[in-house]
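Engineer: Here you go, one structure.
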Amino acid sequence: MDVQPDDLPDGLVIADGAGRVVCFNAAAVRITGRSREEALGSPLHTALPLEDLDGRRWWQLTDPYGGPAIRNGQPERNLLLPGGHEVLVAARYVRARPRGPVERVVVTLRGTEARRRTERSHAELIATVAHELRSPLTSVKGFTATLLAKWERFTDDQKRLMLETVNADANRVTRLIAELLDISRIDSGRLEVRRQRLDMAAAVRRHLEAHVAAGRPASRFKTGIADKLPDLWADPDKIDQVLANLLENAVRHGEGTVTIEVQPTSFPRDPGGTATAVTVSDEGPGIPEESMSRVFTRFWRGSRRGGTGLGLYIVKGIVEAHGGVITVDRAPEGGARFRFILPVGAPAFMA
Ligand SMILES: Nc1ncnc2c1ncn2[C@@H]1O[C@H](COP(=O)(O)OP(=O)(O)O)[C@@H](O)[C@H]1O
Ligand SMILES: [Mg+2]
């Protein structure tokens, strides 16, 4: 395949061993507002007069040709071009041999649209969260105000009903906040996985017993658990969260019998290794083909049956923090089928 520098969506500037610009692609022209003729052959620091946000000259500061010979580049940073134009800049120093002299400096430039997009998605997230918090709080506020103002006018049964609603809405806010904290840990890579020996078969059975104890008919659930399962080291609380979410979804969004299978499998990225696969399927409407790629994103909801749309995003975050994978497809019976695979996760395996 033959890719020309001008085909690249990002700015590309390459300087030779003497620090002279030898490549200045079309995106670099667009981002810097400098012509190619002007740039080619001139020193890097005049073709790209970058400054950091404190006004220091970037090339003097980083000194690619004279700096420590172990340095191989600069991570992406937000810098300024003359006129205060922001650019995201990353550099790689190409050496003929390790610790040898720098033969080429390859610089990429990105306009700030990428960052603006991230900022916009943060703003959208904040708006959604504010909205999600406001509706239950509006109800809490409304019922408490009504009860306080007209306490004697209601019967005990009416008061009980209102307080039950207030209680449920308060629970919803608490749950939402717990989910948001999980999401912030997942997004910032701070989700801690405390691995222990985990008996997946026992965990699954415990969850099913809890559903039955809560009044759901035992006939709604079916299990297929292999006799011999591979060892598994995982965070029991987090795996509980995964199982709880998938089962709750199957019961709430799905229909008919919910089947949970626990089987040994090989891990996709490590075909020789053993892994544990857990499959949760139901006989409901399933997830429409065109939405399958979106079910694991934040706030995506197909139906209007309660829920915040955060459950599956957290499930995926937890599974991936364990080095696992999760997928969704259609069960043979027509409903949704979720399947997650966890590698053994033993300390020796992870090292
Ligand atoms: N077993 C299932 N059957 C059908 N749809 C499902 C199933 N599980 C999840 N979904 C769809 O995926 C959406 C996102 O799920 P989730 O992230 O857990 O959010 P929530 O349960 O809060 O709505 C749900 O709103 C639902 O439309
Ligand atoms: Mg859910």
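Here the Cβ of each residue, glycine as well, is placed from N, Cα and C on the backbone.
These numbers come from a predicted model, not from an experiment.
If you look up TrEMBL, you'll see 1-41 marked as domain 'PAS'. Under the heading domain 'Histidine kinase', TrEMBL lists 128-346.
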Engineer: Give the nonlocal contacts of the domain 'PAS' (1-41) in its own chain as ranges (CB under 8 Å, at least six residues past its ends).
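Structural biologist: Distal contacts: 47-48, 65, 81, 85, 87, 101-111.
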Engineer: Across the domain 'PAS' (1-41), what is the average pLDDT of the model, as a whole number?
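Structural biologist: Residues in the domain 'PAS' (1-41) carry a mean pLDDT of 93 in this prediction.
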Engineer: What are the helix, strand and coil residue counts for the domain 'PAS' (1-41) according to DSSP?
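Structural biologist: Helix, strand and coil residues of the domain 'PAS' (1-41) number 14 helix, 10 strand, 17 coil.
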